[in-house]
Amino acid sequence: LAVCVSLIGAANIPPQHLNLYQFKEMIRYTIPCEKTWLEYTDYGCYCGYGGSGTPVDALDRCCYVHDNCYGDAEKKHKCNPKMQLYSYKLTKRTIICYGAAGTCERIVCDCDRTAALCFGNSEYIERHKNIDTKRYCR
């Protein structure tokens, strides 16, 4: 399984988008080279904005778990996951999160790390891209 590594810097990314940029980079590191991270933004019932119903497959479950992880970070730890910056390293086909355990930096990084690794280990089923969520996600 080939892995793509991005060398793009974050210097010109506005601060309000840096966490999503970091998550995107994690995803790009773990998914097959023939896929782009954008293919994961409207997949199943949970990959992308919002989510409802039962996940359609293992990949969609990765997004469901990620959504819940962000929800827990907000409710239990008073974090703002979409704005939270964190330190991490992409190395040897895995992702290492830095920061003290229990801090928002570490909690959010762990959410993104877990999801990205899950994406890399889950089959991408083309028919679950852009599904009719009103019909399949109840």
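Cβ atoms are placed via backbone N, Cα and C, with glycine included.
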Ca(2+) binding, same site as TYR46, GLY48, GLY50 - Swiss-Prot member from ASP67, ASP72: ASP67
Member of CYS4, CYS111, CYS118 annotated by Swiss-Prot as disulfide partner of CYS69: CYS111
Whichever of CYS79, CYS109 is disulfide-bonded to CYS97 when Swiss-Prot is consulted: CYS109
Residues flanking the Ca(2+) site, with Cβ no more than 8 Å from the Cβ centroid of TYR46, GLY48, GLY50, ASP67 and excluding those residues themselves: CYS45, CYS47, TYR49, GLY51, CYS63, TYR64
Cβ neighbour count within 10 Å of CYS104 (disulfide bond): 19
Between CYS79 (disulfide bond) and GLY48 (Ca(2+) binding site), the C-alpha gap once rounded to whole angstrom: 20
Nearest-integer angstrom distance between the alpha carbons (Cα) of GLY50 (Ca(2+) binding site) and CYS63 (disulfide bond): 10
